[in-house]
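According to Swiss-Prot, the protein carries these features:
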| type | residues | note |
| --- | --- | --- |
| TRANSMEM | 8-28 | transmembrane segment |
| TRANSMEM | 356-376 | transmembrane segment |
| TRANSMEM | 379-399 | transmembrane segment |
| TRANSMEM | 405-425 | transmembrane segment |
| TRANSMEM | 453-473 | transmembrane segment |
| TRANSMEM | 478-498 | transmembrane segment |
Amino acid sequence: MKLFNARLIVFIGALLLGVGFSVPSLLETKGPKITLGLDLRGGLNMLLGVQTDEALKNKYLSLASALEYNAKKQNILLKDIKSNLEGISFELLDEDEAKKLDALLLELQGHSQFEIKKEAGFYSVNLTPLEQEELRKNTILQVIGIIRNRLDQFGLAEPVVIQQGKEEISVQLPGIKTLEEERRAKDLISRSAHLQMMAVDEEHNKDAMKMTDLEAQKLGSVLLSDVEMGGKILLKAIPILDGEMLTDAKVVYDQNNQPVVSFTLDAQGAKIFGDFSGANVGKRMAIVLDNKVYSAPVIRERIGGGSGQISGNFSVAQASDLAIALRSGAMSAPIQVLEKRIIGPSLGKDSVKTSIIALVGGFILVMGFMVLYYSMAGVIACLALVVNLFLIVAVMAIFGATLTLPGMAGIVLTVGIAVDANIIINERIREVLRENEGIAKAIHLGYINASRAIFDSNITSLIASVLLYAYGTGAIKGFALTTGIGILASIITAIVGTQGIYQALLPKLTQTKSLYFWFGVNKRA
């Protein structure tokens, strides 16, 4: 009999893999590591609601802005262009331009699907219901991507950003320790960073302070807060351009050595910016960020180059965060913090300590029982359990999985599952030995008889783990992940690994005079 057999080689390979990839996580050395969840590490957990209705409004606003700009270029006379949640509406003043208008709408439609209604020169344009639903879904995905991008630029390690429900997003930020870090992270995540250039309604702005939002709406305008001057300012409702055309944003210092955010527009945005400023010298244009006016300077001359600045008495950190938000892209819909929980690092450490005590304590008790009851067979089973634990840690580290408190519970459960497998195998071997059969036959029949039951129970548990991971959330996923990995590891260690060890030891086992030493049982008299 060869000392090294295929099963033993697989077991040794699993041991080396497990130890090799577990070391970085256990000893904090370089290499792939397990990410500790909030409940173990401490940090900030937020549940965000995405207001997808606003994404639809912004879509119609952008469409109205593009329609107004291109209609003027093509000398198509339009009147009363209005935009709301239902779509955009306007009047075509010259019916002879209908074909040109239809061609323009077809061009603006792009890959979207419009519903266009015409009646006596009055038009209404809106997205189809299917297109609206698709827009809402894409908005959630876009917001998730932007949040991840911002957090990466902010320098936060291992943030978790996932969709939860239809229009909600769960954000977990391990390692947030101070109130200042919490505030900055919350502001960075919740800021829409929706940049717009809007014309001041010079005709009616003098009455802005006593005007209501409804009165402004009837004028085709909108009332916004003026950060620079205080009070309200009246702007034309249809923006000149928006942040979709922004290509870069960075912190610079003005002539007073105050931090401001400089932004750059793409070629299309620069052209629109230049055309508008050239045609409106002497009038004011407002720089609007998240529905707040940061400045509304008078246009002195045509502004070329497609760049501008946002100032607002920012600190360096605030200006830096704003630049990050602008660079990562504007959210097409604002978000609202629905729930916020802070888990302190001390609580996380206590959780880790308690979990490790439970795991190690349970492991020692199990090992003690196995050795006392099954003798050397119990020692072999304990070796398989150790390899099982190393494999769980290694696989989670390789894939960058997050270990949570429920995940630790899953590992403890896995120890029990792996022990069950070894108990079944040892009992089947002992049953055959009690029938005065040889050791080689007892081991062979023991594994054959036990494997079927082990596979059946483990496959059932594995299916349950997969379903829990697929349809569960947060804590449930953590539990399902470690349980699933542990089940697969237990199959390798219990069925393949221990059998390989017995095959290697078989020459010695067949010559033994003490079955009790090896299996804790004597042959039947």
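Cβ coordinates are placed from backbone N, Cα and C, and glycine is handled just like the others.
Counting same-chain residues at least six beyond the ends of the transmembrane segment (379-399), those with a Cβ under 8 angstroms from any Cβ of the stretch are 11, 14-15, 17-22, 24-26, 31-34, 363, 366-367, 370-371, 411, 414-415, 418-419, 422-423, 426, 481-482, 485-486, 489-490, 492-494, 497-498, 501-502. Against the transmembrane segment (478-498), the recorded stretches 8-28, 356-376, 405-425 differ in Cβ pairs under 8 Å, and the greatest number is found for 405-425. Most Cβ pairs under 8 Å to the transmembrane segment (453-473), among the stretches 8-28, 356-376, 405-425, belong to 405-425. Panel annotation: around the transmembrane segment (356-376), residues 382, 385, 389, 408, 411-412, 415-416, 419, 422-423, 426, 516-520 of the same chain, lying at least six beyond its termini, place a Cβ under 8 Å from a Cβ of the stretch.
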